[in-house]
Structure formats: structure tokens, C-alpha cells
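Student: Following this message is one structure expressed as C-alpha cells.
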């Protein structure tokens with residue numbers, strides 16, 4: 001045993017095995033501050049001490065004897081003890097017994113379970129970016145390990161392509177695998193990789209033996225086993241790679257294999273691959289979902305945001321300014337609707353004209369393409385076919401006919417009128433684009449072909465609004481304050497929604513799950529059609545007894561917009577009852593809002609002031625010359 005005094009005057013004791021130190025001279029650790037050769041002497045002493053320690057501990061440890069602090073002396077801890085920086089191999093499992101104990105060890109520190117898991121995640125990430133020495137220090141100081149020692153050995157064997165040894169090592173992990181045939185499934189994956197690599201190495205006979213005696217011997221996945229035989233027949237390795245969906249022998253394919261194998265092992269034995277990145281990506285996705293003004297399409301990645309702060313979009317990235325005002329109508333504009341492909345905008349007015357505009361998808365500027373006339377009672381409803389070629393125009397309660405226009409040919413396809421007593425005020429296309437349903441407030445409900453021929457009818461249903469989902473479900477709002485589903489083949493209906501006040505209009509989300517209702521004197525309500533539950537009542541909008549049409553919008557339809565009788569456009573995030581923005585600009589009631597189906601940064605609003613306003617971001621405003629360049633608030 002030898003003793004020394006540190007810079008704080010405290011005595012240090014170093015214990016050595018008697019046989020190892022019998023012929024050794026005690027090594028003083030105290031330094032003389034007046035000795036000019038102090039630094040060099042310390043280095044020599046440290047080297048001698050390291051020599052002694054290496055004889056007593058694991059040979060994988062190397063001392064950082066040459067690491068010095070900024071004052072020229074060896075790096076030391078706060079109490080004067082020397083820190084030994086560990087630079088071991090790239091193994092991920094290191095136990096405390098691999099290191100000498102010293103006064104700076106954190107082995108006595110107690111970590112909570114969550115803290116240990118965080119340390120493991122950090123260690124895994126550091127290892128993935130090549131900082132293996134840093135991982136070793138982290139494990140040593142914390143006393144935690146990244147993964148089970150046997151799992152670490154198993155990973156190393158897989159990545160080295162030592163398939164026989166890997167299968168032996170797998171048996172040692174058997175106790176941790178919960179799936180009944182998990183071991184067999186894992187062996188199959190390993191042998192499949194071995195089989196492919198033998199083929200690539202041009203060892204056809206060995207590959208055949210692997211298939212015949214090893215893979216078939218597992219007696220599982222018979223169809224896949226038969227499929228594997230075909231890969232021996234390829235003359236071109238590229239063709240084999242493509243057919244097998246395999247990237248070839250090497251790190252990438254083995255890493256993919258390891259990720260498949262890891263799914264069979266619990267995370268406390270072997271961490272799932274890239275677990276920290278996965279958790280951070282989930283956090284970013286949740287922040288995007290909760291961001292009030294996030295309207296850009298696509299999912300954010302870790303490269304799109306800063307992890308040092310929460311993601312939050314500003315109002316300036318949101319469609320909040322008028323970029324164009326359409327003034328071609330001479331009277332109240334009752335309806336507007338973008339085509340499903342987003343290339344056209346249709347508007348209908350009290351003046352009896354249906355206007356079709358071409359949409360510039362880059363600048364979002366509208367250009368008048370065609371005016372269709374002849375709608376004596378005005379146009380109160382517009383329905384685009386799913387292929388954006390045909391559009392149906394319906395009139396008001398006094399109108400007993402509807403028009404089907406061919407937008408591409410710029411001509412009338414057909415004109416439907418069944419009886420003089422009809423009132424055809426609403427319509428909706430079926431997904432095939434060749435048939436539609438229509439009806440009105442006088443009890444007519446028709447199922448028709450594209451030429452206006454009535455295929456079937458349903459008597460006594462006074463309709464207010466119609467919608468057909470992507471899977472062909474016909475939904476209708478009636479005068480009894482209900483929304484029901486209808487099946488013409490069996491003439492059966494089922495009530496889904498009941499409101500206390502008249503339903504003036506409604507629309508359905510793309511996935512068919514949610515319905516957005518404009519309710520007389522109440523405003524805008526959101527319903528879950530599957531659960532048949534009222535989800536939310538949105539505040540702010542002024543809704544009387546006139547028809548108003550709201551819309552879903554945004555990349556995932558997380559926004560809702562509606563006109564109002566106070567001449568404003570109200571916009572809500574779907575999760576919040578209070579509006580996040582209110583747009584001014586129109587001078588009379590706003591009857592309809594339509595959000596662009598492919599560009600979430602654009603929507604249109606139609607008003608009794610005879611105009612249609614196109615709304616977008618300030619960035620789009622600079623790309624568009626406004627016919628009426630008036631500010632909006």
C-alpha cells in the first residue's frame with residue numbers, strides 16, 4: 001500500500017495486490033508547486049501508475065495520460081484526483097468490473113428507471129454516429145448498459161456474417177423471446193440472409209445445401225421456402241436483387257436483417273433501432289398536429305425543425321390575405337366550388353350564370369374560362385363529378401330542373417326535368433362519375449344517370465342537402481332536422497344525426513368520418529358520423545335562416561372555414577371552438593367558402609356583394625396582380 005497527499009492536503013491510499021507491488025517503489029502523487037519540472041514528472045508518474053494498473057485490471061482499458069488541462073497540468077477532478085479517460089473497444093456492453101474503482105466513480109449514484117432509459121437512448125444514438133469512446137465513458141460513469149451482453153454478442157455475430165455462431169448465440173436469448181415460434185422465425189431470417197450471400201459469392205452448392213438441410217429443416221414458411229429456390233436460377237445478380245427485394249451482401253442488408261430480428265426481442269434486452277430518433281420524430285409530428293397555423297402539406301422531419309424549441313408557425317404562413325377578387329358576376333354569388341383536381345373553380349350566382357375559372361396552380365390566379373347561362377332562378381348548388389369534367393348546376397326552390405355541363409367541351413351535356421312540381425335544389429355524384437342523386441324541398445329524391453334519366457326514385461323525402469362519400473354511401477339532410485343514409489337498391493334508410501334546429505347545409509371529410517353542418521340560428525357544428533356524436537360547436541359566426549356552406553381545409557382537413565351574415569369569413573382549427581382568424585373584405589353576407597383540394601394555402605369565398613375572393617399567403621400575394629388591390633384584415 002502507498003499513500004500520498006493531494007492538492008487539498010487530503011491523504012490518498014492506493015491498494016495493490018501484494019505480489020504485484022512487492023518489488024515496486026511507492027509512487028508519490030503529490031506535486032511540488034516550486035518544481036519547474038513538475039509537469040514532466042507528473043507524466044512519468046502517471047505512466048508508471050498506469051503500468052501497475054494494467055497488470056491488475058482488464059487489458060481493454062487505456063489511460064489518457066497525455067490529456068492535460070489548460071494550465072499545463074494533468075486534467076484533475078474537483079477534489080484533486082486524477083480522472084482516467086476510458087478508450088475501450090466498440091463493445092456496447094461494459095460492466096463495472098471492467099474498470100478500476102476510484103474516488104470519482106458514480107457507481108453509488110441511484111438513477112430512476114426513466115433516467116436509465118434516457119441514458120441508454122443517448123448511448124445508442126452516440127454509438128450510431130460513431131462516438132464509441134464517449135459511449136464507453138457514459139456507461140462507466142452511469143453504471144448503465146445499452147443492451148444485454150448476450151444480445152450485444154448476437155448483434156456482433158450478425159453484422160460479421162458469422163451465421164452458425166449467431167444461431168448458437170440465439171439459443172442463449174431464447175428465454176427472452178415471447179412469441180411461440182419466435183426462435184424459428186428468427187432462424188429462418190438468419191438462414192435466408194446466409195442463403196442469399198452464398199448465392200452472391202457464387203457458392204451455388206453450399207446455398208442449395210443451406211436451403212435443403214437448414215431452411216427446410218425448420219419446417220415453417222413453406223411458401224417462402226419454395227420461392228427461395230427460384231433465386232438460384234437467375235443469371236444476373238441485379239435481377240436476383242430486384243426479385244428478392246434484397247440490397248446485396250454487406251452492411252445495409254445485414255442491418256436490415258438486424259432490425260427484423262430486434263422486433264422479436266424485448267427493448268430491455270435490445271433497444272429498437274434508432275429509438276431516440278423515432279421518439280423525437282413522434283414529438284415533432286405531435287407538435288405539427290398541435291400547431292395552430294400549420295397549413296403546409298407533408299409531414300415535418302427532424303431536419304425541418306430545431307429540437308431546441310417547439311415548432312410553431314406564424315400567421316404569415318397562413319392564407320390570410322386576398323390575392324384576387326373576381327368581379328364577373330352582376331348579382332349575389334351563392335355558391336363556389338373547386339374541382340376535385342384543383343384545376344378549376346366554379347361559381348354560381350343569382351344572375352343565372354355559371355362561371356368556370358382556370359386555376360394557375362403556381363400563382364393561384366384565376367382566369368375566366370367559360371360562362372354558362374340559362375339558369376332562370378339562379379344557381380344555389382354546384383356539384384363536380386369525381387373526374388372534374390362534368391358539373392351539375394341546381395337552382396332554388398322554385399326551379400324544377402337542373403343542368404349538367406361538360407366543362408372540357410364547354411357545352412351542355414344534358415338537362416333534367418322530371419315533373420313540373422319538382423324542386424331540384426341539390427345534387428351529388430356517385431364515385432363512378434356516371435350517375436348522381438338529386439332532390440329538393442318538395443319531396444323529390446331521384447337516382448339518375450349522366451343523361452338525366454331517372455333510374456329510381458324515393459318518394460316523400462324533403463331534402464335540404466346531399467353528399468355521397470368515396471365508398472358510395474348516400475347521405476341526405478332532410479326537413480326533419482336529420483341526416484340519414486339511403487340505399488336505393490333496398491329502399492332502406494338509417495338515421496345518423498339529429499339536430500334541434502334545421503340543417504341548412506353540410507359537407508363530409510374526405511375519409512367519411514366527420515360531417516360539418518351549418519345549423520339555422522346556431523352556426524357550425526362538427527359531428528362524428530361513425531360514433532354518431534356531436535364533437536364540437538364552433539363560436540363566432542352569425543348564422544340566421546339563410547343557407548351557408550362551410551368547408552374543411554388544410555393538408556389533413558384540420559381547419560374549418562365558414563361564411564357569415566356579418567360579411568366576414570371565420571376560420572377555426574378543428575380542435576378549438578373559438579376562431580383563430582376572422583377575415584374582412586366582403587361588404588355583404590358571405591354565402592359559401594371552398595378550400596382548394598390540393599393547395600392548402602388557398603381558399604375562395606362567395607358573397608352577396610357579387611364578388612368571389614381568393615385568399616392565400618402574403619407570399620402568393622406578391623405573385624398575383626390584384627384587380628381590386630384593397631387590404632384585408
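Backbone N, Cα and C define each Cβ position, glycine as well.
Automatic prediction, not curation, is the source of TrEMBL annotations.
According to TrEMBL, the record shows the following:
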COMPBIAS  1-26  compositional bias 'Polar residues'
REGION    1-111  region 'Disordered'
COMPBIAS  55-85  compositional bias 'Polar residues'
COMPBIAS  86-108  compositional bias 'Low complexity'
DOMAIN    147-206  domain 'CTLH'
REPEAT    326-360  repeat 'WD'
REPEAT    555-582  repeat 'WD'
REPEAT    583-625  repeat 'WD'
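Describe the structural context of these features.
Tutor: Long-range contacts of the repeat 'WD' (326-360) within the same chain: residues 366-384, 386-388, 391, 393, 403, 405, 407, 547, 549, 588, 591-599, 604-614, 627-628, each at least 6 residues beyond the stretch ends and with a Cβ under 8 Å from a Cβ of the stretch.
The average pLDDT the prediction assigns to the repeat 'WD' (555-582) is 93.
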Student: At a C-beta cut-off of under 8 Å, are there same-chain residues at least 6 beyond the repeat 'WD' (555-582) that contact it? List them, or none.
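Tutor: Non-local partners: 289, 292-293, 295-298, 315, 318, 320, 509-510, 514, 516, 518, 523-524, 526, 536-544, 546, 548-549, 588-593, 595, 600, 603, 605-607, 609, 615.
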Student: Count up the helix, strand and coil residues in the domain 'CTLH' (147-206) according to DSSP, in that order.
Tutor: 47 helix, 0 strand, 13 coil
